[in-house]
Amino acid sequence: MTQPIRYELLRRDEHSLARRGRLTTPHGVIETPVFMPVGTQATVKTMAPWELAEVGAGIILSNTYHLHLRPGEELVRKAGGLHGFMHWDGAVLTDSGGFQVFSLADLRKITDDGVTFRSHLDGSLHSFTPESVMEIENALGADIIMAFDECPPYPATREYVETSLRRTLDWAARCKAAHRRPDEQGLFGIVQGGEHIDLRKESAQRLVELDFPGYAIGGLSVGEPKPLMYEILSATTPWLPADKPRYLMGVGSPDDLFEGVERGVDMFDCVLPTRIARNGTVLTSEGKRVMKNARYGDDFLPLDPNCQCKVCQTFSRAYIRHLLKADEVLGIRLTTYHNVYFMLDLMKQIRQSLDEGRFLLYKQEFYARYGYNETNAGEEV
C-alpha cells in the first residue's frame, strides 16, 4: 500500500522535545512545526485561496460536521473533492466532526455505535458512526482525515472519561477498517483521556498498536487551565512514535505554539487569529492591538512595523480603524490577512530557530517582547 502521508524527522532540539520535520502529502511538502489556518466551511473566512498561498499557508483545515450539513459531501465529491470545490492547490485536513457533535450537549445522544444529533441549522436528525464519518471524509477527499472520537468535557468524572476513552479506541479501530482510500488519504488516530495522565498513556499506546500514519492529541483547550494542558502534553508526546507527525487539535495562540513545539508537537490549528481579526484585534510582534480603540484614530504607523505582510507594507492603523468603525468588509479582510500571515511567519521563525539550535532562546526573546509572563498571556500593548 502506498502511504499518502510521510513524516521525516530532520532535527531534534538538544534542550527540549522540540523537533524540526517535513511532512509529505499528496498536495505538497510541508515544513514542520506548522500552523494550519482554519477553513471550517471550505473557506478561511474572508480570504481567497490565492491569498492563503501568498501568506505561505501549505495546509488548511476544514470541518466534516459543517460540510456534511451544508452543502453535503456528495456535492463536494462531484466538484472533485475539497481541493476542486474551493480551488485550493495545497493540502487539506478534515477533522471528524466529533468535537462539534459533542458540543451539542442538549441536541445529541451517544451510544457505543455512534451519535445521533440534531442539526444546529434546521433541527433535522442525523447520525454519525465511525463508518459514516469515514464515508463522509472519503467523499470530501482531504489529504489528512481524522478518526471519529468522543471529546469529553472538562471537568468530567474519571468514570465518564474511562467509558468515553474505551469508546474512542473502539471507534478508532472501526474507522481504520472502514477507511476506503488509504492510498490517497492519511487517517490519524486521536489521543483522548481527559486530564488523567494514565488514561492518556493508555490511549496513546493503544492507538500506536493500530499503526496510524499520524497521531492527534485531542480534548485539550476545552476549559482546563493552561498549566494542566501543558502537563498533559508533556506526558503524552513521549508515547507517540518519533517517525510519525503529532497534531495538537484546536490549540494555537502564540504562547501555545511555543509550548506545544517545546513538548514535541508538529501541527497546530486554531480559529483564534481569524476570529479575533473579525472583532478588530490584531496580533503583532509586541502583543495584541484592539484596532477600534480611539488611540489608533490618528496613528499612521502600520499594524506591526516589524511585519512584512502586504497589509503592513501598505495601510496605516488609522485607516484600518476607520474601516472597522465604518463596518467596511475590507477592514476585517485586512486584519484577517495580517493575523494569518503573523501566525505562519511566527512558525517560520520557530522552524528557523530550530534549524539554528536556538529555539528556547527565541522563545524567551519572543515572550519578553510580547509581554508574556506567569499572569499575563499577552495582553494588549
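Here the Cβ of each residue, glycine as well, is placed from N, Cα and C on the backbone.
What TrEMBL records for 17-370 is domain 'tRNA-guanine(15) transglycosylase-like'.
Sequence annotations record features per position, and here TrEMBL assigns substrate binding site to D95, S96, G97, G98, F99, D149, Q192, G219. G98 (substrate binding site) carries a helical DSSP state (H, G or I). Same-chain residues at least 6 positions away in sequence with a Cβ under 8 Å from that of G98 (substrate binding site) are, in sequence order, F128, V133, M146, F148, D149, E150, C151, I190, G218.
Marked as active site, proton acceptor by TrEMBL: D95.
Per TrEMBL, the feature region 'RNA binding' maps to 250-256 (among others). Note on the region 'RNA binding' (250-256): residues 35, 99, 218, 220-221, 226, 229, 268-270, 272-273, 283, 343, 346, 366-367, 370, 372, 377-378 of its chain, located 6 or more positions outside it, place their CB under 8 angstroms from a CB of the stretch.
In this view, D269 (active site, nucleophile) is surrounded by 23 other Cβ atoms within 10 Å of its Cβ, with every protein chain counted. Here TrEMBL flags D269 as active site, nucleophile.
Annotation comment: TrEMBL describes 274-278 (among others) as region 'RNA binding'. Taken through DSSP, the region 'RNA binding' (274-278) splits into 5 helix, 0 strand, 0 coil.
Residues annotated as Zn(2+) binding site in TrEMBL: C307, C309, C312, H338. For C307 (Zn(2+) binding site), the same-chain residues that are 6 or more apart in sequence and have a Cβ closer than 8 Å to its Cβ are T284, S285, H338, Y341, F342, D345.
Take the mean position of the Cβ atoms of D95, S96, G97, G98, F99, D149, Q192, G219, the recorded substrate site; other residues of that chain with a Cβ within 8 Å of it are F102, M146, F148, E150, C151, I190, G218, M249. Among the recorded positions listed (D269, C309, C312), D269 has its Cα nearest to the Cα of Q192 (substrate binding site).
Taking the domain 'tRNA-guanine(15) transglycosylase-like' (17-370) as a whole, pLDDT averages 97 in the prediction. Considering only the binding-site residues D95, S96, G97, F99, G219, D269 (active site, nucleophile) has D95 as its nearest partner by CA-CA distance. G219 (substrate binding site): 33 other CB atoms within 10 A of its CB, across all protein chains. G219 (substrate binding site) and C309 (Zn(2+) binding site) are 33 Å apart (CA-CA, integer value). The Cβ of D95 (substrate binding site) lies under 8 Å from the Cβ of L61, N63, T64, M146, M249, each of which sits 6+ residues away along the same chain.
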